[in-house]
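Student: Structure incoming, see below.
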Amino acid sequence: MSAAAPRKVLVLNGPNLGRLGSREPDVYGSTSYAGLVERCTRLGRELGLEVEVRETNDEGEMIRWLHEAADASLPVVLNPAAFTHYSYGMRDAAAQRTAPLIEVHISNPHAREEFRHTSVVAAVASGTIAGFGIGSYELALRALADDRPQG
Ligand code: DQA
């Protein structure tokens, strides 16, 4: 009997995250976006997940990716970046999920400016992991691999 195919997971990143490494390294660290992709895909392989990492500065594209995930029942690790704080369109797309969706943040938005304290996505996510640097993504992938998310 052949081994089970790895479960596919989408790691979706919102605006400005493609600039990791050079973007405010005191807040977001020195790992580049390419480094993030590498760490997520490598950990995914170890956990038996086929991880595909994407990033966009475009709200419509993010919404289309969330529709794609809902239609294919794909689990999602979502760093909505600034969309977190105001995009009801993205929230409504995330609410259509048919598999776990974990909201992640590199920084801890609650320890930062007040406008970052609101997440319009949190209430429709399975859970949120924030403040552990790039490690937030790794914790989310481990939670998905362990089937920890409830929703
Ligand atoms: C972020 C936090 C957001 O407030 C911010 O707009 C980002 C990144 C994070 O990963 O810490 O772009 O989502």
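For all residues, glycine too, the Cβ spot is worked out from N, Cα and C.
Quick paste from TrEMBL:
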SITE      Arg23  site 'Transition state stabilizer'
ACT_SITE  Tyr28  active site, proton acceptor
BINDING   Asn79, His85, Asp92, Ile106, Ser107, Arg116  substrate binding site
ACT_SITE  His105  active site, proton donor
Student: Which number gives the other C-beta atoms within 10 angstroms of the C-beta of Ser107 (substrate binding site), all protein chains shown included?
Tutor: 17
Student: Let me know how many other Cβ atoms fall within 10 Å of the Cβ of Ile106 (substrate binding site).
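Tutor: Looking across every protein chain shown, the total is 22.
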Student: Of Asn79, Asp92, His105, Arg116, the recorded positions listed, which put a C-beta under 6 Å from ligand 1? Please answer none if none do.
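Tutor: The qualifying recorded positions are Asn79, His105, Arg116.
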Student: What does DSSP call His105 (active site, proton donor) in the simple three-state scheme?
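Tutor: For His105 (active site, proton donor) - judged by DSSP and reduced to three states - the answer is strand.
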Student: Nearest to Asp92 (substrate binding site) in three-dimensional space, by Cα, is which of the recorded positions Arg23, Tyr28, His105?
Tutor: His105
Student: Given the recorded positions Arg23, Asn79, His85, Arg116, tell me which ones have a C-alpha lying within 10 Å of the C-alpha of the residue listed as 'active site, proton donor'.
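Tutor: Close recorded positions: Asn79.
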Student: Sequence gap of 6 or more, Cβ distance under 8 Å: name the residues on the same chain that satisfy this around Arg116 (substrate binding site), in order along the sequence.
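Tutor: Non-local contacts for Arg116 (substrate binding site): Thr84, His85, Pro109, His110.
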Student: Give the three-state DSSP assignment (helix, strand or coil) for Arg23 (site 'Transition state stabilizer').
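Tutor: Going by the DSSP assignment, Arg23 (site 'Transition state stabilizer') belongs to neither helix nor strand, so it counts as coil.
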Student: What's the CA to CA span in angstrom from Ile106 (substrate binding site) over to Arg23 (site 'Transition state stabilizer')?
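Tutor: So the Cα of Arg23 (site 'Transition state stabilizer') lies 12 Å away from that of Ile106 (substrate binding site).
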Student: What is the interatomic distance between the Cα atoms of Arg23 (site 'Transition state stabilizer') and Ser107 (substrate binding site), given in whole Å?
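Tutor: Pair distance, Cα basis, whole Å: 13 Å.
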Student: Tell me, if you would, which residue among Tyr28, Asn79 (recorded positions) has the fewest other CB atoms within 10 Å in the structure shown?
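Tutor: Across Tyr28, Asn79, these recorded positions, the one with fewest Cβ atoms within 10 Å is Tyr28.
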Student: What's the CA to CA span in angstrom from Tyr28 (active site, proton acceptor) over to Ser107 (substrate binding site)?
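Tutor: So the alpha carbons of Tyr28 (active site, proton acceptor) and Ser107 (substrate binding site) sit roughly 6 Å from each other.
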Student: Among the recorded positions listed here, Arg23, His85, His105, which has the most company in the form of other Cβ atoms within 10 Å of its Cβ?
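Tutor: Output for this query is His105.
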Student: Using only the residues recorded as binding substrate (Asn79, His85, Asp92, Ile106, Ser107, Arg116), report the maximum Cα-Cα distance in Å, whole number please.
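Tutor: Max Cα-Cα spread across the substrate binders: 24 Å.
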